[in-house]
Amino acid sequence: MARWICFEDIELKKIRVVVVDDSALVRSLLAEIINRQKDMECVGTANDPLIAREMIRELNPDVLTLDIEMPRMDGIDFLGRLMRLRPMPVVMVSTLTERGAEITMKALELGAIDFVAKPRIGVASGLTELSDQIVEKVRIAATAHVRRAPAVPAAATPAVGGAVGGHAPVASIGRVSTEKLICIGASTGGTEAIKEILTRLPADSPGIVITQHMPPGFTTSFAARLNSLCQIAVQEAVNGERILPGHAYIAPGGKQFRVSRSGANYVALVEDGELVNRHKPSVEVLFKSVASVVGRNAYGVMLTGMGNDGAKAMREMKDAGSYNFVQDEASCIVFGMPREAILHGAADEVLPLTAIAPALIAKLSSATDRYRV
């Protein structure tokens with residue numbers, strides 16, 4: 001006799017979240033936002049990291065939301081210890097200030113999966129407006145691949161012609177090209193993936209254009225951090241600016257970034273624009289413009305991230321003659337955008353993150369690609 005199963009009666013395993021923040025208001029709001037979701041629950045709140053440490057031991061949560069500035073031990077110190085001793089998915093809750101942005105970049109380096117920018121004023125209304133973003137980032141964090149941080153983080157210091165961040169010395173490509181263009185798309189986990197690639201590219205690399213999903217106010221610090229580590233120059237893209245070899249241009253948060261052409265030069269177009277695939281900046285927007293303008297002189301790179309932003313346009317790039325690299329699942333924090341790019345037939349090579357920069361250099365240095373026009 002057939003037995004009918006009512007799926008509504010099946011209790012799904014909920015994402016267990018611990019909220020750590022020194023503000024009672026923020027703790028209460030975040031707990032309320034989380035508990036409204038059918039697939040997650042706030043199992044505990046703590047007003048400082050030392051209490052959180054005991055709570056993590058007792059409750060074994062799936063995800064931690066962590067404030068940056070707290071008493072007794074700040075969030076960055078706690079995060080560093082946590083990722084060395086008991087790595088777990090962490091979503092940072094950071095203040096939208098220049099200092100907050102710089103510290104957030106450090107948190108992502110230490111292993112935080114993502115961050116939410118809470119407003120300096122109107123916290124209650126601001127967090128309520130961000131509720132969809134908060135729960136989405138918690139869900140993504142719960143599925144992310146978390147890696148144990150090294151006992152002593154390697155200091156990455158730029159040295160022309162020498163090693164950067166512990167890597168082998170950066171090889172020269174041998175010819176500065178104004179025709180070629182490298183374009184990179186990333187989302188969750190992308191800040192560190194982008195750093196891994198850019199710190200391994202030489203000063204004579206072609207121009208590089210990058211879209212990393214990031215809100216306004218944070219890309220300036222991201223670009224400045226990369227610029228201090230790389231042999232190439234790294235900056236936020238500026239509307240109308242010529243795209244130069246040996247330079248990387250990052251889409252400003254909250255703007256759409258395209259590549260255009262003016263005579264023999266590639267030019268950055270930065271504008272407000274509409275959300276595309278729910279994102280601004282959107283990888284789809286950048287890659288579609290590269291397919292149209294750069295064609296077979298483009299090299300595409302799709303890195304870790306949730307969703308499908310950029311997958312269709314990366315296939316358009318391939319159809320226009322580009323050569324595309326996609327990060328493999330094992331090295332991704334979230335294997336969403338790379339998976340979609342592969343499913344769309346956009347990948348020429350699927351590689352571990354650490355292999356992408358050497359493969360790019362080899363491709364750019366090869367005789368067949370050096371004179372590809």
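Every residue, even glycine, has its Cβ placed from backbone N, Cα and C.
Remember, predicted model here, so these are calculated numbers, not experimental data.
For reference, Swiss-Prot has these:
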| type | residues | note |
| --- | --- | --- |
| DOMAIN | 16-133 | domain 'Response regulatory' |
| MOD_RES | D67 | 4-aspartylphosphate |
| DOMAIN | 175-367 | domain 'CheB-type methylesterase' |
| ACT_SITE | S187 | active site |
| ACT_SITE | H213 | active site |
| ACT_SITE | D309 | active site |
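A strand conformation is recorded for D67 (4-aspartylphosphate) in the three-state DSSP classification. If you take the CA of S187 (active site) and look 10 A around it, the recorded positions you hit from D67, H213, D309 are H213, D309. With a 10 A radius on its CB, the residue listed as '4-aspartylphosphate' counts 26 other CB atoms from all the protein chains. If you measure from the Cα atom of D309 (active site) to that of H213 (active site), you get 10 Å.
For the pair the residue listed as '4-aspartylphosphate' and H213 (active site), the C-alpha distance works out to 21 angstrom. In this structure, S187 (active site) belongs to neither helix nor strand by DSSP; it is coil. Secondary structure at H213 (active site), taken from DSSP and collapsed to helix, strand or coil, is coil. Mean per-residue pLDDT, taken over the domain 'Response regulatory' (16-133), amounts to 92. Neighbours of S187 (active site), defined as other CB atoms within 10 A of its CB across all chains, total 27. In terms of DSSP secondary structure, the domain 'Response regulatory' (16-133) contains 57 helix, 28 strand, 33 coil. Remark: H213 (active site) has A186, S187, T188, G190, H279, P281, V283, G305, D309 as non-local neighbours, by Cβ distance under 8 Å and separation of at least 6 in sequence.
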